Amino acid sequence: GTLYLDLGKTSASAFSKGGLLFIALLFNAFQAFSELGGTMTGRSIVNKHKAYAFHRPSALWIAQIFVDQVFAASQILLFCIIVYFMTNLVRDAGAFFTFFLMILSGNIGMTLFFRIIGCVSPDFDYAIKFAVIVITLFVVTSGYIIQYAQEQVWLRWIFWINILGLSFSSMMMNEFQRIDMECTADSLIPSGPEYTNIDYQVCTLAGSKAGTTLVSGSDYVAQGFSYYPGDLWRNWGIVLALIIFFLFLNVALGELVNFGMGGNAATIFAKPNKERKALNEKLTAKRDARRKDRSNEEGSEINIKSESVLTWENLNYDVPVPGGTRRLLNNVFGYVRPGELTALMGASGAGKTTLLDVLAARKNIGVIHGDILVDAIAPGKEFQRSTSYAEQLDVHEPTQTVREAFRFSAELRQPYHVPMEERYAYVEEIISLLEMEAIADAIIGTPEFGLTVEQRKRVTIGVELAAKPELMLFLDEPTSGLDSQSAFNIVRFLKKLAASGQAILCTIHQPNAALFENFDRLLLLQRGGRTVYFGDIGKDAHVLRSYLESHGAVAKPTDNIAEFMLEAIGAGSAPRVGNRDWADIWEDSAELADVKETIIRLKRERQSVGGGANKSADLEREYASPFTHQMKTVCTRMFRSYWRSPNYLFTRIFSHVAVALITGLMYLNLDDSRSSLQNRVFVIFQVTVLPALIITQVEVMYHIKRALFFREQSSKMYSPFVFTSSVILAEMPYSIMCAVAFFLPLYFMPGFQTESSRAGYQFLMVLITEIFAVTLGQGLASITPSPYISAQLALLTKLSSDPFIIIIFALFCGVTIPPPQMPTFWRKWLYELDPFTRLISGMVTTALHGVEVVCKQGELNAFSAPSNMTCGEYMEPFFERGGSGYLVSNSTQDCEYCAYKVGDEFYGTFGMSFDHRWRDLGIFICFIGSNLIILMTATRFLNFNRR
C-alpha cells in the first residue's frame, strides 16, 4: 500500500496500477502454496482414518475448503481494505467488492489446484517439479508480463484455463472501465514551451486519441491488453467453473489415489570396491571365528587403555526461569572408574539427562556449582573431545555408510599424530565389536528409509567409540524406542565395552531384570535432582536390595528390582515407602559417607601416579586435528553428501530449466519493436525468480546439515568456520550447473545479443544471482532455529505462507513500478538497498544499450502538424531539447511518432545507465559478501541447540 500510495488517475500511473493489481492477485493466490506441503504430510492421517472407516477422504476435502475459506476470506478482506484505499483505486462500492471477489476467487482456485498436485504427487520432489511448471505457465500467460495478443499462438489456450489470467483481466476491467486518465506532460508528444495547442499533440499511452488529454480506461485496456468490457463477468464465470471442476477433481483424487499409505523400508548399500571387499572378508572371517569360540562371547579384542577417573562432588545446577532460578541438580556426589558400567536412573524429570549433560560439559545455559574433576584436576578445553556422548536422538549424515561414519569420527577426533591406517584398523575393530559386519557398507539413511532403529542406535554408539575416548563414554537412553531383544543387545554391547576397560555412564529408563543385571553400579535420582542411591548393584542386585530393606522397602524375590526401587521412592504411581524422603535418608546414610571417602581416595591415588598432570600438546588443543585436515575431511564428506542426494540436484536443475524454457518459448525471437523493449525487461525480470526457486531447497538442506553440526561441534570435531565453508563450497558446482542450464534457453531463445561482451556479462549476472540466492538462504537459515521460521522470513514455501523478503525485493527493484513513481521515502533508501535493483539495472542496460527500435504500426502515435509546417519542422524543437523517439516521415503533416529510437531512451527514464553496469555488478557481489558475514557470524555465535 505504501509503495503504490495514492495512485492518481493519470497516464503516469496506468502501468503502476496494472502492477499493483497483478501483485495483489499473485500475493494472495500463492498464499495457497502452503497447501502443497500440508496436503502431502497429511495423507498418512487421511489414509489411516479411511482404513479405520472414520470418514471418507472426500468429506475431509469438502469440509476443509469451506472452513479454510472462512479464515482466508477475512484475511483477504483486511488485505483488500488496506491496499485498495491506500492506493486510491476507484472509490466505488461495486468496484471494491468486485476487487475483493476476484482476489478471493483466485485464492480458492489456487488452493484447490495445489491440493490436487499434493494428491497426485508421490513425494514432494515430484510436487515441486510439477508446481514449478504450472506456476510459471500461469504467471507468464496471465496477461501482465506479456499481453494476450503478443503471446505465442500455440500457447494462448492456457489463458482460458488460467485462474490468474482470467482474474487479472477482470480486475483490470473493473478498475479501468470506470475511469478516464489525464495525460501528464511527460506523456504528451510533442511537449515543451513551444507546444501549447492540444489539437496538435497526442498522448503516448495506449488507447489515446490526438487532440485530447483524456484517455479512456476502457480504450487503454482494449488496445494495450485486449480486454473488453464484456469480458469481466464472463471471465469470472470461467473462474467459477474452474473452481467447481477443481473441487470435483480434488474429491475424486482424494478417494482414488492412495499415496502415503506407507511401504517397506529398504537398506541401500554403497557400490563395493576392492578395498571394501577385502575389509568385509576379514570382518566376516573374524565373526565366524568368534561364533565358534563361545568362550570369548563376552570379551572383546579391543583393549581400551582408560585409566582416568571422573569424580563429581556437591554438584548443583541452576537454570534461569521467569522470576528467578530453578535448581535441577542438588548436591550430587559420584564417580566413574574404568571398566565399570554405571546406570543413571530415576523418574521422568528427575534430572538424568541433565546430569549427563553437565558431566559431559554439554550444557550451554544455566550455572553449575561444585567440582567435576578428572584425576583430581579440573577438565581442560580438550575434555569434550576426550569423552564420547551418544545422544538419545540418532542424528547422522544420512548419505554416509556405516564405515564412512565411523571413519569420519576417527579421522577428526583421534589424536592427529596417530597414523590413518591405525585409525581405520580401529574402526574395523569397532564394527566387529558392535557386530555390524553385514551392514558396514549400508547407507545410514533416515528413520523412515534406511537402517532400523536398533541399527541406528548401534551406529550412534559406534561413532562415539571410533573417537577412541580417552576418558569415558556417556550414553543417553540408548535403549529408547527399541523392543526388548534389541535393548538387550545394546546393553550386552555396552557390557563388552566395559569389560574391555571403557568407563561408561548410561541413562536408562525402567529396564527389565535381565537388562538391569548387566550394570555394575547405579546412580538413582528423584525429582528435584537429589540423589537416592549411588553404589554397587551386586549379583542379583543383593547390594541394592540390602540398602532398600535397611530402610523399610522390602522387595519380593520375584520383583523386578528396577521397577520396585522406583515405586519405593515414590517415582511411580504408588505412594513412596516410609515416612522420610529417600533423598534425606541418603544424605544421612553411611553409604554416602563411604562414597565421599572413596572419591577422596580415588583423587589421591590418581594424583600419586601423576594421572592428568602431564598432558601432551595434542591434549591441550581444542580440536584434535589442525584446520587444514578439518577442512579437507569435512568438505569431502559434504561434497559426497550432495552427490548422493540426486533429488536435491535434479529438482533444482529441473526448476531452472522449466522456468527458462517456458519463458524462452513465450518470448521466442523477440523483434526490435517498442513492445519488445518491455518484453525484454520482463524476460530479465524472470531472473529474479531464481532466489524463490533456490532458497526453498537451500534452507531445508542447511538446517539438516546444521543439526548434525550441532552434535559434532559439541564433541569438538571441527570448527564452525569449517562447517560454514564446506556447506558453501558444496553448493558451488550445482550453482554453476544451474546457472548454465537457466541462462542458455532464457537468453538465446528470445534473441538477445550474442556478442561475448554482452552475453558474458549477462551470464555472470545470472551466476552471481545463483550464488546470492544460495548464500541468502543459508544466511536466513543460520539466524533462525527451524526451517519454518526461516521460511517465514524468506519466501513462500511448503513450510510457510509469508513471502516477505522475496516479495520486498521484487516490489522495490523498479520493474512493477518505475522509480520516479515510488514514494520518496522508499526510493531514497529501500530501492537503492534492493539487490534486485542492481541485478535489473545491470542486465537491462546491457540488453538494451544501442538497440535500435522499429515501431510496429499499432505502436505509432498519430497526430497532425499545424497547417503551415511539416512534421519534421514541427518536432524539431522537441528533438533539439533531447526528446526521445523518432518520426516515421519528416515531410508530411500527418505525423507518426515512435516513442523510442534506441533502447537507451527506454531505460534512461528509470535512472539506469550503461556506464554503471560494472558498478552494479560490484555492488551485487557486495550483497553476497554481506550474506556470508551473516552466515559466518550466526554459525559462530548462535547456538539454537540449547541444553
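Positions of Cβ are set from backbone N, Cα and C atoms, glycine also.
Quick caveat, the model's predicted, so the values are computed rather than measured.
The feature transmembrane segment is assigned by TrEMBL to 20-41 (among others).
According to TrEMBL, the transmembrane segment annotation covers 61-86 (among others).
Marked as transmembrane segment by TrEMBL: 93-114 (among others).
Residues 18-19, 22, 26, 30, 33, 36, 40, 113-114, 117-118, 120, 155-156, 158-159, 162-165, 168-169, 172, 225, 227, 651, 654-655, 658-659, 662-663, 666-667, 679, 682, 685, 689, 693, 696 of the same chain, all 6+ positions outside the transmembrane segment (126-146), place their C-beta atoms under 8 angstroms from a C-beta of that stretch. Among the features that TrEMBL reports, transmembrane segment is placed at 126-146 (among others).
Residues annotated as transmembrane segment in TrEMBL: 153-172 (among others).
Here TrEMBL flags 233-253 (among others) as transmembrane segment. With a cut-off of 8 Å between Cβ atoms, the residues of this chain six or more beyond the transmembrane segment (233-253) that come close are 58, 61-62, 65, 101-102, 105-106, 108-109, 112-113, 115-116, 119-120, 160-161, 163, 166-167, 169-170.
Annotated domain 'ABC transporter' per TrEMBL: 310-552, in sequence order.
Feature annotation from TrEMBL assigns transmembrane segment to 647-668 (among others).
As annotated by TrEMBL, transmembrane segment applies to 680-700 (among others). If one looks beyond the transmembrane segment (680-700) by at least 6 residues along the same chain, the residues whose Cβ comes under 8 Å of a Cβ in the stretch are 128, 132, 136, 145-146, 648, 651-652, 655-656, 659-660, 663, 667, 670, 731, 738, 742, 746, 750, 752, 765-766, 769-770, 772-774, 776-778, 780-781, 787, 790-791, 794-799, 803, 806, 809-810, 813, 815, 836, 839-840, 843-844, 847-848.
What TrEMBL records for 721-748 (among others) is transmembrane segment.
What TrEMBL lists as transmembrane segment is 760-781 (among others).
Taken from TrEMBL, the feature transmembrane segment applies to 793-817 (among others).
Annotation source TrEMBL lists transmembrane segment at 921-942 (among others).
With a cut-off of 8 Å between Cβ atoms, the residues of this chain six or more beyond the transmembrane segment (721-748) that come close are 627, 630-631, 634-635, 637-639, 641-642, 649, 652-653, 656-657, 659-661, 663-664, 683, 686-687, 690, 694, 698, 702, 705-706, 709, 713, 754, 759, 762-763, 766-767, 769-771, 774-775, 778, 932, 935-936, 939-940. Across the residues of the domain 'ABC transporter' (310-552), the predicted structure has a mean pLDDT of 88.
Here the transmembrane segment (93-114) has Cβ contacts under 8 Å with residues 24-25, 28-33, 35-36, 39, 65, 68-69, 72-73, 76-77, 79-80, 84, 131, 134, 163-164, 167, 170-171, 174-175, 178, 232, 236, 239-240, 242-243, 246-247, 249-250 of the same chain, all six or more residues outside its ends.
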